[in-house]
Amino acid sequence: MMKPVPKLWVVISSAFVFCLLVLFQINKSDLIEANLQITHQVNNFLISFVASSNNQILNHTKHANESDGIRAKQLEEEETDTCAGRYIYMYNLPSTFNDDIIKECRPLIKWFDMCPFMVNSGLGPQILVSDKTTARVLTVKTGSWYSTNQFLLSVIFRERMKHYECLTNNSSLASAIYVPYYAGFDVSRHLWGYNVTVRDELAIKLAQWLRERPEWGKMYGRDHFFVTGRIGWDFRRFHDEDSDWGSKLMLLPEFSNLTMLGIETTAWANEFAIPYPTYFHPKSLTEIWRWQKKVKSVKRKYLFSFVGGPRPKLDGSIRGEIIKQCLASHGKCNFLNCFVNDCDNPVKIMKVFENSVFCLQPSGDSYTRRSIFDSILAGCIPVFFSPGSGYNQYIWYFPKDYTKYSVYIPENEMRNGTVSLKNILGMIAKERILRMRKEVVKIIPKIIYNKPGFGPEKIEDAFDIAVDRMLERVAMVKRMMEEGKDVQSQYYSQTKDLKKLEIIHEKTA
């Protein structure tokens, strides 16, 4: 039997429990309040953090979208911009480097008055129908035939550049920079009777002018080019003797970085040959087609021909042997002797070439001749005697397989007198001749300089090909510079062997 709990103990116990309950309630309230405050702060932090993160994400996404949008727009513009990668900037040179040079046209070339040929933006006097021969030889009714002088290439090129579809006034957009310097006329007016200081004076001034231009620092001139109507050796005088020929333009440090386009190159890798100007400067594709049709179907009276003169004082010249064989060919060869005939008459020259199956192209004072392009224009198959006269010069224009459009006879065989031109050319089958002439006629649009403002039809002429290949060259050099490769030795200093004959047989389609 349990003992009864005393009443006092019960009262004390009850009071103690009550106090504990009161204290517990008070602490519980404090804890709850504290917890609520902490929770509120944490929530505020989390809300602020999340909001901040979301804002950063949104901002980042916004900027990314904007960047993507800009890039997409740029890509879209590049895709729609037909001039992307083709823009060319033409320096506005002081007139002392071009226009002022040709204003005094009479003394530009000693013993020859250049003034009559300056008209029509360098194309020369227009050839009009004066007799039946002119009408029969040329398609003069088109108004596209001119008495064009070969040395005016730089003037013709500059005029074409003024009409180039991707010419820009913003040099930062340009992929290449054209320097409209009349280097050929600058040197030719000082070749006789002037010392080397006078010959080099303007070139040195231009080098300094270029070096001070903001465009120069981009590639130090490796994206610059100029055009001349003279051969490369006129600008590579290695000594400073007054008796030495030419100027030292291409030996100046600045110009050693430039690319020169001229009618004939030396062995240096920063020179490229472009065609001599012909007499034909069409203004439409129809004119070209009409001319091609004419020369493709014309009946040719002579097996071969030679337009030129002997070079008795030139060591190693084969012209004497060529003339000898031509005169002894019993009517198979037509010889137009430029020592006694007017070889500046376009009608006379084109008549000879149009009447010939093959046209002989021996070297003269230098490797190349304007006659090469006049004969091709006439649909006459060229006969070369040195690789340096055509194959290793006009690499942008002629097929790599020279057998497709020409005949090659080594100079040595002509000197030895062991070759009969009449026999070699006479043994070529008619079927092959037709194939070769077809190829020659295909080349015609590539070797002529169309009139500025050519019709809407697109066909690449000599100017277009030169510009496109120049842009490709600059792009390659720029890529190599970005990769840290040596461009100087490969693209500017390296020499090539102009006498080497490289046999390449192209696959026929």
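Placed from the backbone N, Cα and C atoms, the Cβ positions cover glycine too.
Some features that Swiss-Prot has for this protein:
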CARBOHYD  Asn27  N-linked glycosylation site
CARBOHYD  Asn59  N-linked glycosylation site
CARBOHYD  Asn65  N-linked glycosylation site
CARBOHYD  Asn169  N-linked glycosylation site
CARBOHYD  Asn170  N-linked glycosylation site
CARBOHYD  Asn195  N-linked glycosylation site
CARBOHYD  Asn257  N-linked glycosylation site
CARBOHYD  Asn416  N-linked glycosylation site
TOPO_DOM  25-509  topological domain 'Lumenal'
TRANSMEM  4-24  transmembrane segment
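In this structure, the CA atom of Asn169 (N-linked glycosylation site) is 23 Å away from the CA atom of Asn257 (N-linked glycosylation site). Comparing Cα positions, Asn170 (N-linked glycosylation site) lies closest to Asn257 out of the glycosylation sites Asn195, Asn257, Asn416. Counting only the Cα atoms, the space from Asn416 (N-linked glycosylation site) to Asn195 (N-linked glycosylation site) is about 41 angstrom.
A simple way to gauge crowding: the CB of Asn257 (N-linked glycosylation site) has 21 other CB atoms within 10 angstroms, across all the protein chains here. A coil conformation is recorded for Asn170 (N-linked glycosylation site) in the three-state DSSP classification, outside any helix or strand.
For the pair formed by Asn257 (N-linked glycosylation site) and Asn195 (N-linked glycosylation site), distance between Cα atoms is given as 26 Å, rounded to the nearest Å. DSSP classifies Asn257 (N-linked glycosylation site) as coil under the three-state reduction.
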